[in-house]
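Novice: After the structure tokens below, expect a handful of questions from me.
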Amino acid sequence: MTNVSLVTTFFLMGLPRAPALDIPLWGLFLVIYVLTVLGNFLILLVIAVDSHLHTPMYYFLTNLSFIDMWFSTVTVPKMLMTLASPGGRAISFHSCVAQLYSFHFLGSTECFLYTVMSYDRYLAISHPLRYPSMMSGRTCALLATSTWLSGSLHSAVQTTLTFRLPYCGPNQIQHYFCDAPPILKLACTDTSVNEMVIFVNIGVVASGCFLLIVLSYVSIIWSILKIRTSEGRHRAFQTCASHCIVVLCFFVPCVFIYLRPGSRDAVDGVVAVFYTVLTPLLNPVVYTLRNKEVKRALWNSVTAFSVC
């Protein structure tokens with residue numbers, strides 16, 4: 001269906017807030033964004049230069065760090081612009097399309113990647129002797145590529161369903177970035193079918209990935225309980241704890257926003273901050289501060305740099 005939109009520019013209304021909070025929020029989100037980009041870039045750098053971290057788990061972690069760098073970049077800079085001045089709220093129609101596609105592309109890819117990472121932990125703990133052969137370099141590359149391709153396809157469906165509709169009237173998006181639910185409210189036609197298809201599409205992906213993650217961790221816990229020594233059980237649980245923390249922080253807000261009837265603009269905007277702003281920051285914090293191998297590699301890199 002040809003796009004007959006008459007709207008050439010949308011206006012992002014941003015987070016629900018008192019005007020007096022614009023400057024403090026701008027400063028807060030700027031600091032979080034800088035820490036997110038630097039933290040994830042540091043993980044990429046440390047894993048790249050330390051040969052001891054060239055394992056499947058850290059291969060997937062580099063993918064996750066790369067995604068989080070760009071996932072935050074897709075939304076936060078525009079949010080900062082809306083907080084800085086009223087003129088920063090404007091976003092062209094095509095830029096809005098690009099932002100929505102990029103957001104869902106990176107978000108769904110991260111969703112698939114969490115599933116692959118849980119499968120990797122399952123193999124490492126439940127089948128330690130066969131793990132090197134089962135998770136070979138070729139297998140890792142194939143799994144990572146599949147997550148990116150699946151995310152791209154999923155996002156293309158979301159974007160097409162959203163922007164195939166005519167937009168000829170209101171152009172104020174009650175959000176701080178272009179997302180499907182608030183944009184569909186501006187369409188000049190009935191959107192019930194689109195909303196249902198998007199609901200089912202996101203529902204199948206999110207619930208499917210979450211179910212596979214839960215099944216992986218049920219199997220992992222069962223294998224951990226078979227470990228004879230308490231030290232072995234503690235190390236195994238510690239290995240998976242960081243992954244579980246990030247997964248919950250990512251999935252719970254997504255389920256709240258996309259998989260419930262109706263939409264509350266103010267509540268959705270605040271909840272979206274958790275997985276668009278805070279979750280990308282959690283990745284370097286959780287995986288670095290809770291991981292002895294990464295901290296050791298980071299310290300070795302700093303020491304080598306100081307000597308040079």
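In case you wondered, yes, glycine gets a Cβ from its N, Cα and C as well.
TrEMBL lists these features:
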type	residues	note
DOMAIN	39-287	domain 'G-protein coupled receptors family 1 profile'
TRANSMEM	30-49	transmembrane segment
TRANSMEM	58-80	transmembrane segment
TRANSMEM	100-119	transmembrane segment
TRANSMEM	140-157	transmembrane segment
TRANSMEM	198-225	transmembrane segment
TRANSMEM	237-259	transmembrane segment
TRANSMEM	271-289	transmembrane segment
Novice: Are there residues at least 6 beyond the ends of the transmembrane segment (198-225) whose Cβ is under 8 Å from a Cβ of it, and what are they?
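Specialist: Those are 108, 111-112, 114-115, 118-119, 121-122, 125-126, 154, 157-158, 161-162, 180, 184, 233, 236-237, 240, 244, 247, 251, 254-255, 258-259, in sequence order.
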Novice: Return yes if the transmembrane segment (58-80) and the transmembrane segment (271-289) have at least 3 CB pairs under 8 Å (sequence gap of 6 or more), otherwise no.
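Specialist: Answer yes, regions in contact.
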Novice: Considering pairs 6 or more residues apart, do the transmembrane segment (237-259) and the transmembrane segment (140-157) have at least three CB pairs under 8 Å?
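Specialist: Stretch pair does not touch.
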